[in-house]
């Protein structure tokens, strides 16, 4: 029995002339021709003083707004006039001509005539109208056009459009362009019209794509001078986010300190004094305004010097610089007399100092970051190892240690301008292998080994202004082979095979716990880089050197595992300096 074809199937070889996209396109073309000639139209849209005869059915098919409007209305004998007004008086394209032009583009799209956008202002006006009328496809077409036209010159204007219509991808792209081309963006008129909060947010961004901080300072001052009487009150607020210590010293003297607006602003004086102190005494490790922005030619790098191999038998000759952002290692000249061990290392005025050690215990070497070479400087009066160094008020302090017979009370201070060491007040209790850190203008010596080899929990505090020591609240541990760094007025202590990172607040004399480490180490390298505490290498609980690296972020309280060191090492030097990435 012969079976018939299903109703929806057509005979083989036959084409349905009333189906398919071509037919739909012909219908739309006919409707668009009727619209332009006013044929069979049943509604009039009015915008900017112009009338646009249209078909309700076509508008309802292409616009959620008109579909809802016409479905709720009652049939009328003649064509109704529907005013199409902007969303808000300040919306793009709100002039009469702009409103009419935007509606013409929307109607072309609804009737299938295509869309040809020529400028960002036009696209923004059409986007606003398409958003209001619920023409989804046209909205996406406008967004694609704006993304394709995004440049430094219009990034601020398009960011406002993105914010107005909640266009997250466009806003993100605008933000990228703003950061990458900030110096160019700041030269355009749109930048001068930003609100104070917007300027502050830009200046505070650590990812600004500027080669030098001078560009940030000049942008801030250009914005203020655009309307100085009204904006001079924002100077302090803006200058807080300019990293003045990163300016060239000559530029700072000629352009910043000599600026009339800044000279008249008493609120700005502490910031200028802070920058001047950094130029003279050296930067404070971890201070935000002394850290290069992420995409500068300059960057903070971690310098790792020498140390002992896995079994502690060999003294490593290497010195390397590590850039955490790119995870790139760069070899540096080896420290002369590398066979020394248990030396102390510290950074002062962006140079690296290494003092003492088990062999040549009086020697002090300086690695000049400018000359990229090691230079021998004045020797210690008292040879020592298992000591520590720290910087307070631009001077280097060598504290305690061991001379082969006894733990040392001795403290020496180094003046880099005269290249001389002088005795400072001795420690109340002699210690070696203690943690030493400077914070709030004072020196703190935490824990360590006393005479007889017994560990202590004492915290000894030195005030360089009075050349006097005092005792603070004892640490919640008694350990040696400790390390400490300070960051934002807090001291972080670790090492000593302790499983935790401890905190000490010199202002309140209170101890606390910050985080738990994945594995305990001692004699590790600890430094602050990019606002985080980096813990590199050290000896594990089996007495072997490790290549593990951890970072602790005080802002989140999280400890993260980082890529390993190039080799296992312990009892090494570890400091942070600023270096050109092109070197």
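If you go along the chain as it appears here, the first residue is 1 and each next one adds 1.
From the backbone N, Cα and C atoms, a Cβ is placed for every residue, glycine too.
According to Swiss-Prot, the domain 'BTB' annotation covers 41-119, on the basis of sequence analysis.
The domain 'BACK' annotation in Swiss-Prot covers 146-248. With DSSP states grouped into helix (H, G, I), strand (E, B) and coil, the domain 'BACK' (146-248) comes out at 74 helix, 0 strand, 29 coil.
Here Swiss-Prot flags 301-350 as repeat 'Kelch 1'.
Non-local neighbours of the repeat 'Kelch 2' (352-394) in the same chain are 277, 280-282, 303, 305, 319, 332-333, 335-337, 339-346, 400-403, 408, 410, 412, 414, 416, 419-421, 423, 432-438, 441-443, 445, 462, 464, 573, 575, 577-579, 583; each lies 6+ residues outside the stretch with a CB under 8 Å from one of its CB atoms. Among the features that Swiss-Prot reports, repeat 'Kelch 2' is placed at 352-394.
The repeat 'Kelch 3' annotation in Swiss-Prot covers 395-441. Averaged across the repeat 'Kelch 3' (395-441), pLDDT for the predicted model comes to 96.
Annotation comment: Swiss-Prot describes 443-489 as repeat 'Kelch 4'. For the repeat 'Kelch 4' (443-489), residue counts in helix, strand and coil come to 3 helix, 22 strand, 22 coil, using DSSP.
Within the chain carrying the repeat 'Kelch 5' (490-531), a Cβ under 8 angstroms from the stretch's Cβ atoms is held by residues 285-286, 288, 291, 300-302, 304, 307, 324-325, 433, 435, 437, 439-440, 442, 444, 446-447, 459, 461, 472-473, 475-477, 479-484, 537-541, 546, 548, 550, 552-555, 557-559, 561, 569-576, all 6 or more beyond its ends. What Swiss-Prot records for 490-531 is repeat 'Kelch 5'.
The annotation repeat 'Kelch 6' is assigned in Swiss-Prot to 533-579. Residue counts for the repeat 'Kelch 6' (533-579) under DSSP (helix as H, G, I; strand as E, B; rest coil) come to 0 helix, 26 strand, 21 coil.
Here the repeat 'Kelch 3' (395-441) has, by DSSP, the following mix of helix, strand and coil residues: 0 helix, 23 strand, 24 coil.
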